[in-house]
Amino acid sequence: MSSRRSSFRRREKPAFERFKDHCRHFTAFMFSNVGIILLVTFYIIGGAFIFQSIEIFEYERLKSEKPHRFIARNFSGECLSRIWELTAENISFFDHHAYRRRVNDVLLDYQRAIVKKQLKGPDVEQWSFSGAFLYSLTVITTIGYGNITPQSEWGKLVTILYAIIGMPLFLLYLSNIGDVLAKSFKWIYSKVCLCRICPGVAKRRIIRERRKMRQLARALQMHDMENARGSSSYTSTSSTTSSNSSSSEYTRSSRQSSSLVDIPYTESDSDIEREIRGSTDEITVPVTVCVFVMVGYILWGALLFGRWEDWNYLDGSYFCLISLSSIGFGDLVPGDRVITADRDKVEVSFILCAIYLLLGMAVIAMCFNLMQEQVVHNIRAIKRGFKACFRCSSS
């Protein structure tokens, strides 16, 4: 008994080795499918807290050090006073062309100031938790709406570091989740669209395919027999060795064609059952189905954002397409009904908006993956067809 305990103690790993094993298991879990989703989610939430704290701290510091920068300017009053001064200087309107030109310059300055103020927005309201979360999401997804931007130097520096780490992490998320969604969609497509869930329909489809293969094999066998007879008639006066080689080629071709002809097609075959319950790796989803999935997801998002933002159907579809394709013009962004001025309040609609964008980009990656498989399958089929045509023409 004591020898067993001593051997168990000798086999026990040291603390450093156990720590390395735990780190290895933790890393493997974090880069699994569930772990990568949690990692991206917590990375965005952590980035939201970091950017919110940096920008609010910088805003409070500048407000205490330079209060004159935060005094609301009366742009309309300044514009009217400048126009009044120009009018008083040119009361006789001696040079009315110069007067009009100077007034136009004043009005252009007024327009630029108003537009800049509206684009910039309130300095602190845009950095609520909802706004900071949206900013973190648009950084790592490379959407970049541009409606929320850091004003401090630390915010810009942290954005650079945040994007350097977050963009590869999000690409890894798209790769893993897109692959999982592609396999799941292929399984659903095989059960629903290919009628694998209905054994009778699947059996009849497989029997039809085997009947076509058997007819093709018969045609190939007849073609090989005619070629063999023609070659034997032309080489009747040749040597014995050449006749033996031609007969062996004939028997080899006849065996290959007969193996295709003898394909069983009874409904009780076990190989049909195995083919019905087979793997979905060999199944390819048509391009039209992938396009239909992408269009349906965009239209569903248009309905959601139409309710949240009071957009029409065209604007909602336009926003979803620009966002999911990571173009991100920034002319339409989730606005007042998603981003709130309260620093700590988070609306349910905003959470659904973030989930829609994260899931939607994975769906787009899934559709691109499935379309790539379909295109590769079609190219290989075309290549086999060309080889068969050239083989027939050469024979």
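Quick reminder: no glycine exception, Cβ is built from N, Cα and C everywhere.
What TrEMBL lists as transmembrane segment is 28-51 (among others).
Under the heading domain 'Potassium channel', TrEMBL lists 124-182 (among others). For the domain 'Potassium channel' (124-182), the model gives a mean pLDDT of 88.
Residues annotated as transmembrane segment in TrEMBL: 127-145 (among others).
The list of residues near the transmembrane segment (157-175) in space but at least 6 beyond its ends in sequence, with Cβ under 8 angstroms from a Cβ of it, reads 31, 36-37, 39-40, 43, 47, 50-51, 54, 136, 139-142, 150, 361-362, 365. TrEMBL lists 157-175 (among others) with the feature transmembrane segment.
Residues annotated as region 'Disordered' in TrEMBL: 228-262.
TrEMBL lists 231-259 with the feature compositional bias 'Low complexity'.
Look at TrEMBL and you will find 283-304 (among others) tagged as transmembrane segment.
Annotated domain 'Potassium channel' per TrEMBL: 293-375 (among others), in sequence order. Taking H, G and I as helix, E and B as strand and the rest as coil, DSSP gives the domain 'Potassium channel' (293-375) the counts 57 helix, 0 strand, 26 coil.
As annotated by TrEMBL, transmembrane segment applies to 316-334 (among others).
Below 8 angstroms of C-beta separation, residues 40, 44, 129-130, 133-134, 137, 141, 143, 173-175, 177-179, 181-182, 185-186, 284-285, 287, 289-291, 293-294, 297, 301, 304-305, 308, 320, 323-326, 334, 337-340 of the same chain, each at least six residues beyond the ends of the transmembrane segment (346-371), sit close to that stretch. Residues or ranges marked as transmembrane segment in TrEMBL: 346-371 (among others).
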Tertiary contacts of the transmembrane segment (28-51) (same chain, 6+ residues out, Cβ under 8 Å): 127, 129, 132-133, 135-137, 139-140, 150, 155, 158-159, 162, 165-166, 169-170, 172-173, 176-177, 180, 354, 358
